[in-house]
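> This is the structure I have questions about; it appears just below.
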């Protein structure tokens with residue numbers, strides 16, 4: 001392959017060769033990448049959906065089946081069609097008898113290292129949060145990632161108060177307090193050693209519940225407690 | 001020591017091509033190549049093993065293809081061609097890992113895409129595959145890949161045992177064990193690597209002396 005050009009003729013052949021080589025490899029690469037993408041796509045999507053479903057089951061104990069909904073910018077609950085990007089995505093969980101267990105809401109916000117994505121479960125009947133899970137975080141291993149595993153911290157989300165006032169606003173915004181200083185049912189007992197991360201969780205839940213919980217509460221009152229959401233969607237049509 | 005072992009490549013038999021990557025020219029412990037993933041993704045044994053295997057796969061495929069195309073690629077565009085070939089297989093691996101496990105894909109994160117710029121792979125393409133037959137290049141890639149995986153696993157195992165008190169998420173110590181959190185943080189990667197390099201160098205110098 002030593003084609004150091006001495007005459008113009010050789011130079012011509014060598015640049016044609018270079019082009020041919022680069023083009024050939026480019027086409028081969030494109031073919032390989034696209035076929036790998038097409039081959040893995042169905043399974044990747046299936047795995048992602050399964051992981052999300054597992055998370056919904058986790059934050060809404062007793063759930064047997066789920067349906068996904070969105071909240072649009074006017075604060076209305078809508079069914080998600082393909083390609084829609086609602087303001088908030090939520091999943092209604094139903095138990096064996098098709099009764100509503102609660103709603104799982106996705107939320108995200110800035111943590112210590114990067115964006116933290118979480119899912120929390122809301123029970124509109126009791127007006128409390130009943131579950132919490134971190135979907136994605138890059139918090140420091142051993143310190144910030146305690147928000148994912150520490151039992152004592154996760155205890156906070158078994159019955160976190162998110163009551164709504166008669167005006168339809170959240171009565172008390174959820175907030176993280178220092179470890180051991182939790183006094184009210186709407187406070188999250190923080191973690192020493194993961195101060196920023198646990199505070200970030202408080203902020204994410206605080207701002208998300210302020211907007212989402214009143215909408216869901218209103219909706220479930222209108223639905224007279226705990227009828228499945230799809231009835232509403234059908235009657236709208 | 002590393003200079004002596006890497007620069008002098010005597011006439012090697014085919015099995016030698018495989019064995020050299022495991023020990024004599026181990027990419028991590030002797031050549032000290034590809035330090036970015038070695039330090040970053042060796043926080044648990046599982047991550048280390050997955051990263052090692054992913055890199056080994058890319059190394060194998062790119063070595064084979066580079067070797068096959070060695071008479072087809074002009075010298076002037078060889079680096080661009082090699083990078084293109086490597087990037088292709090990295091993308092394929094990226095999709096494959098996503099299809100294997102979402103959890104694993106999350107914990108390896110951006111480091112899968114960064115295999116493209118792992119100098120181990122480019123150096124094998126440039127220094128070996130572009131000058132040798134497909135069969136020899138395959139053996140070379142298998143040896144180097146195995147050596148890299150082995151080294152990453154050595155680091156990952158030590159870091160997980162000390163930093164998390166477990167191996168493959170299997171708890172090793174009784175309840176009261178205080179984890180050395182520093183070992184799973186970036187600093188722990190440097191400590192562990194230094195420890196292994198020390199051990200390996202002691203062994204090598206003893207061998208030379210005797």
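Glycine is no exception: its Cβ is also placed from the backbone N, Cα and C atoms.
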> Per TrEMBL, which of A:21-41, A:42-62 is transmembrane segment?
A:21-41
> In the domain 'FMN-binding' (A:111-212), how many residues does DSSP put in helix, strand and coil?
30 helix, 28 strand, 44 coil
> Looking only at the domain 'FMN-binding' (A:111-212), what is the mean pLDDT?
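Reported value for the domain 'FMN-binding' (A:111-212) is a mean pLDDT of 86.
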